[in-house]
């Protein structure tokens, strides 16, 4: 966090009482009924960490989180330098707005022109892609966001760092009422300070934040009051919507925002389990055995949001970012009926051509005997409504 960000956060935090909920518990405690109240410190409804066959979060000797699978390799400084200096960048993002508008149009979301239609109240599910890993999900009488970033840059500063080449389809003020936000990890393209501040200013303590273990203090400094911090396999709910369960589930990634804070915060995916629908958000991840575990416990899902971009060069990126073929493997592992593509077409974060991910996705789907509707790609601002009553759902 830069100095301006720190000062802004201190000023903002003084507007709210420091009553964020630290849902931290020992796995040996009783597993009784959960209370999704903002001030609850009771145990969880069901702690899946008590099951011996789930992969639990793990810390190294230095107290920092580590990936527990052999599929992981740390991104060393020499390898980072090799990537930045030696590898050719094939992203080829055009500078022409006209060309970008033709190739990657940004649509006005339905909720701007027809705000009265926001909120799915029947058994259906609707998703709207707002760019990168930001998805607005409407299901089971709730509306929530994943990894919201509405800023121009994914960076500590809005004057440098990765810049959007496709604008956000809407502003935060144009969103319908949001009940919850899911954060997968603390990288700048998934946890955006300005977006957190703006969402908190608009919705206040009526907005519930679900965040990984270790992120609560940062959220408090931003002034967020209604925060639930979870370990892998822990769960909680939005007050008044206890039939919809938000479970923090594993992924293979890492965390860092400042020079010395590597992996002090956990990373993960989210499994949202409702009476009518089940939604999976993969966040940012390399391929690992966790997804079979998630599918075994919570599948089949009705819809999953799975990343397909930022994967080249593979020798460096494969540990932290899946490629389109691995995304299809996740689709299969978590046992989802449909998937939507995220984490592409917004920021140039790796070396593949900016239009390549959907092409590679379709090739992978063919190899797996799936069609484009099984794992679909939306335009920026586009929505997709899925109905449980539909035979093709």
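Just so you know, glycine gets a Cβ as well, placed from its N, Cα and C.
Summarising the annotation, Swiss-Prot assigns N-acetylmethionine to 1.
The annotation region 'Disordered' is assigned in Swiss-Prot to 1-40.
Residues or ranges marked as compositional bias 'Polar residues' by Swiss-Prot: 1-16.
The Zn(2+) 1 binding site annotation in Swiss-Prot covers 185, 187, 253, 284, and the record cites experimental evidence as its basis. Sequence-distant neighbours of residue 253 (Zn(2+) 1 binding site): residues of the same chain at least 6 apart with a C-beta under 8 Å from its C-beta are 67, 184, 185, 267, 283, 284, 285, 286, 320. Reduced to three states, the DSSP call for residue 253 (Zn(2+) 1 binding site) is coil.
Its Cβ taken as reference, residue 343 (Zn(2+) 2 binding site) is surrounded by 29 other Cβ atoms within 10 Å in the chains shown. The Zn(2+) 2 binding site annotation in Swiss-Prot covers 189, 190, 284, 343 and is backed by experimental evidence.
Swiss-Prot lists 256, 260, 348 with the feature deoxycholate binding site, giving experimental evidence as the kind of evidence. Annotation for residue 256 (deoxycholate binding site): spatial neighbours 186, 187, 262, 263, criterion Cβ-Cβ under 8 Å with sequence separation of six or more.
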**Study point:** Sparsest-packed among the binding-site residues, when each Cβ's other Cβ atoms within 10 Å are tallied, from 260, 348
**Key:** 260
Study note, to complete from the structure: Neighbouring CB atoms within 10 angstroms of the CB of residue 187 (Zn(2+) 1 binding site), all protein chains considered, total 22
Study note, to complete from the structure: residue 348 (deoxycholate binding site), DSSP three-state class -> coil
Check your understanding: So among the binding-site residues 185, 190, who's got the most Cβ atoms within 10 Å?
Key -> 185
**Study point:** Rounded Cα-Cα span from residue 260 (deoxycholate binding site) to residue 343 (Zn(2+) 2 binding site), Å
**Key:** 26
